[in-house]
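Down below is the structure, laid out as structure tokens.
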Ligand SMILES: Nc1ncnc2c1ncn2[C@@H]1O[C@H](COP(=O)(O)OP(=O)(O)OP(=O)(O)O)[C@@H](O)[C@H]1O
């Protein structure tokens, strides 16, 4: 029910999900007239403040009694204020304080909010609880009061005040980033990235950050407008530095002379309104652009939450170690529930040798995937995995840390998922999703990885591999996507391949081809393979040994020929019977355990 192949890449769930790497966002934004006008206005504003000394020879702070309330003219294009200071000079130099102050507040908010939101959303647990608690605390405090108290404590320092404002705004960023990370964290392609052996840092950089950056940029733009207004408000109240020109200080001065020279309000007022409006409209245009180009999110989640019925009694197992590649002994997986604990895998034992295909068969919810994920080390954090033995290639998987497990996944244990499309990241080309894990695991150059990826695409039966290499997932069919994932899974020459219902999402016509391909590759490379399926046709086709699972237990374990010739357990017989074409919907099995679903075979 999950993931990955060769690799993955950043995700782009819905809409503002991510700045697409198709490189079109900038270009699309420039096709938006409003965005172009706003960008031009903001650029002119910034340039005017930066090059203020070139645009005016007046000082923004030097008074001149002769120029008191001077009318606009050649000497003072925007006139003089109540002490004869040049209004244009104050507007230009004042813009530096206002814009820089707003920039500072936004930068502080992002510096605090983005990393904490990423860590919180990605790792959850106590870190999330602690950060969320602090964020709620800061948000609960009345922002303006906190700001005024801080200014009273630190004195009239505009930059310090804007830093405090940044801290006050940070929880908003934190919550946004955390929500974005949470929304993408459970996506199949993120699990795919885990399986392909990418470490957390890489996964965050490749898959999570692209999803977070678009909404964060939009929020940053909105915060910038708010910060300009608050900065002006502070200065207007006279709480800023008296020795510096700023738009807020100009408003303050104009307000004091409202009845003498009301036009003094115009310049700073227009500057503030134009800045805030431009930033706001630009943020809207950016959002629209991203929505326009956003990809539909693979909405399915990896793990389901229902709990199984109580397991049946006896559980024949196969536990023949010998020269086994993988040995699982008495595996148990359980989840905490409000009533205690739900056991979803109960006493499963199995072994897989090099070149052997072991089928895990059973109806939906019988624990097949949970068994597979236990081997992959990809159970959710709340799951409890216990086993008397769990070894792969002589290594005790129970003792391996996260890093060591990442090293195994993708490299020595590969995975082919059920839903190919959901396991390919929509924002990255197929080629990069294939080549990146190879570069990581095999430490090969980009050119070599490309060469290998093209050869693999050819090997899995894709015509014109270059075209697929350069394509995005939405440009290929489901069958082709599954071939790509299979190519990715075998790209690092794994010893064990776990295929979780690899044909379920495919057309019947394509299913057989994909199974043939899997079988060919498995034989060619002598890989051990665990094939999770509910299809006895597939079992008969490919498997050497079969374990029949029901409600978390293995009810029968036998070589494939024996199982078909002489099924021992009533449940196996019933599953076999329902596999036959035109078989009637099965009735509850008379062994005390209620049947749950009808097994419907596709092939
Ligand atoms: N995170 C979870 N928390 C609680 N129960 C879970 C969780 N994930 C899976 N389960 C339960 O574990 C049981 C076994 O699930 P599993 O996915 O292994 O079944 P399956 O045999 O692979 O079925 P399918 O063919 O539908 O994939 C199910 O009852 C499922 O609801």
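Yeah, the Cβs are placed from backbone N, Cα and C, and that goes for glycine too.
Positions annotated as compositional bias 'Polar residues' by TrEMBL: 1-12.
According to TrEMBL, the domain 'ABC transmembrane type-1' annotation covers 95-283.
If you look up TrEMBL, you'll see 328-576 marked as domain 'ABC transporter'.
Within its own chain, the transmembrane segment (29-55) has Cβ neighbours under 8 Å at 88-89, 92-93, 95-96, 99, 271, 274-275, 278-279, 281-282, 284-286, 288-289, counting only residues six or more beyond its boundaries. Here TrEMBL flags 29-55 (among others) as transmembrane segment.
The annotation transmembrane segment is assigned in TrEMBL to 99-123 (among others). For the transmembrane segment (99-123), same-chain residues at least 6 beyond its ends with a Cβ under 8 Å from one of its own Cβ atoms are 45-46, 49, 131-132, 135, 158-159, 161-163, 165-167, 169-182, 185, 200, 204, 208-209, 212, 216, 220, 223-224, 227-228, 230-231, 246, 275.
Note on the transmembrane segment (130-154): residues 116-117, 119-120, 160-161, 164-165, 167-168, 170-172, 174-175, 178, 230, 234, 239 of its chain, located 6 or more positions outside it, place their CB under 8 angstroms from a CB of the stretch. The transmembrane segment annotation in TrEMBL covers 130-154 (among others).
According to TrEMBL, the transmembrane segment annotation covers 160-177 (among others).
Sequence-distant contacts of the transmembrane segment (263-283) (same chain, at least 6 residues past either end, Cβ-Cβ under 8 Å): 34-35, 37-39, 41-42, 45, 78-79, 81-82, 87-88, 91, 94-95, 98-99, 218, 221-222, 224-225, 228-229, 232, 247-248, 250-251, 253-255, 257. Here TrEMBL flags 263-283 (among others) as transmembrane segment.
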(request) With a Cβ cut-off under 8 Å, give me the same-chain residues at least six positions beyond the ends of the transmembrane segment (160-177) that come close to it. (result) 101-102, 104-114, 116-118, 120-121, 131, 134-136, 138-139, 141, 143, 146-147, 150-151, 154, 212, 215-216, 219-220, 223, 226-227, 230-231, 234, 239-240
